[in-house]
């Protein structure tokens with residue numbers, strides 16, 4: 001018996017589709033863009049089967065378009081995700097994700113002795129890759145952290 005199974009997630013007319021998000025990261029992306037407070041319809045797929053990743057997360061946000069700056073922030077969480085802008089059910093633009101050089105006022109410095117915890121200054125990190133791993137260096141305490149440690153906060 002040959003059984004063919006197909007996962008179907010409803011298409012959106014206009015908006016953004018973020019695909020190939022690593023499993024367990026989709027909720028963090030929702031919070032990063034404050035989508036969980038949006039009045040627009042958001043379709044969330046968690047732990048979906050993926051031939052490339054094993055499992056993946058997927059987000060479809062109707063009537064919301066992610067800009068280049070937001071795509072750079074997304075790259076910190078999901079550097080290999082794909083971002084498609086949809087208009088009238090068609091992909092009209094694909095955003096390439098690139099790590100930003102700097103990221104400000106997005107994450108809290110994990111170093112509890114950092115000045116950002118006691119003074120009214122925005123956090124600021126330099127972003128770089130080392131041996132394929134994304135690292136963030138705090139502008140103030142100059143400590144270097146892995147992406148996973150910083151984005152968990």
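Cβ coordinates come from backbone N, Cα and C, glycine included.
Annotated Zn(2+) binding site per Swiss-Prot: 109, 114, 138, 141, in sequence order.
Fewest other C-beta atoms within 10 angstroms, among the binding-site residues 109, 114, 141, are seen around 141. Of all Cβ atoms in the shown protein chains, 21 besides its own fall within 10 Å of the Cβ of residue 138 (Zn(2+) binding site). DSSP classifies residue 138 (Zn(2+) binding site) as strand under the three-state reduction. For the Zn(2+) site, the Cβ centre of 109, 114, 138, 141 serves as reference, and the other residues of the chain with Cβ at most 8 Å from it are 110, 111, 113, 115, 116, 123, 139, 140, 142, 143. According to its DSSP assignment, residue 109 (Zn(2+) binding site) is coil.
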